[in-house]
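These notes concern the structure reproduced below.
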Amino acid sequence: MSIISAEAQKVREALIAKGIETPTVQLTKDKDSRRAEIQQHMRSVLELLGLDLQDDSLEETPHRLAKMYVDEIFSGLDYATFPKITNIENRMKVSEMVLVDDITLTSTCEHHFVTIDGKVAVAYYPKKWVIGLSKINRVVQFFAQRPQVQERFTEQILTAFQTILETDDVAVFVKATHFCVKCRGVKDTNSYTVTSAFGGVFLEDRETRKEFLGLINK
């Protein structure tokens with residue numbers, strides 16, 4: 001069984017309570033078993049598409065896909081991989097906004113399993129705790145590494161940091177290109193989607209929200 005940290009469990013419970021956790025079922029098989037079964041099923045899919053899996057270029061593709069799904073692009077479905085975070089007491093009494101902008105977002109649309117590519121900004125006003133800046137990037141990446149819809153992803157990031165930092169004063173802004181729009185269907189290569197989520201002072205005070213949006217739009 002995977003070991004889930006207390007911090008990860010708190011975040012998961014907060015998402016469930018708000019109804020914004022990614023729809024999942026309880027896993028009963030270990031990673032090796034899941035890789036093996038996914039590999040078998042992907043082999044069938046590729047054969048049904050008419051691909052020759054005896055070809056040197058394709059023979060390892062089912063294995064590569066299984067490994068990629070379990071260990072890489074969907075690893076965020078397993079809370080055992082949640083970033084290790086140590087809350088640091090705010091002894092310096094930092095009271096100004098802490099903002100991390102232009103965080104790389106690479107996720108997967110859960111409707112068509114193609115790429116979501118964009119940027120994320122996260123800001124908070126410290127109270128009792130602060131965290132290492134790189135941890136903000138890592139938490140964003142954790143939630144990106146699962147099948148996603150952008151609206152839920154944005155809310156998950158907000159709730160995760162509110163839970164970790166024990167403050168409502170968090171803001172999240174996401175701007176992304178969806179390849180389910182870009183490479184299929186309407187095939188619009190220029191459009192992007194913007195979502196945001198605000199808590200605490202960012203939600204209640206217009207000037208604070210304006211300051212945040214002004215900083216990330218420079």
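Each residue, glycine too, has its Cβ placed from N, Cα and C.
Among the features that Swiss-Prot reports, Zn(2+) binding site is placed at Cys109, His112, Cys180, with the record citing sequence analysis.
In the three-state DSSP reading, Cys109 (Zn(2+) binding site) counts as strand. Close to the recorded Zn(2+) site, the chain also has Thr108, Glu110, His111, Phe113, Val114, Ile116, His178, Phe179, Val181, Arg184: residues not among Cys109, His112, Cys180 whose Cβ is within 8 Å of the site's Cβ mean position. Counting Cβ atoms from all protein chains shown, Cys109 (Zn(2+) binding site) has 18 others lying within 10 Å of its own Cβ.
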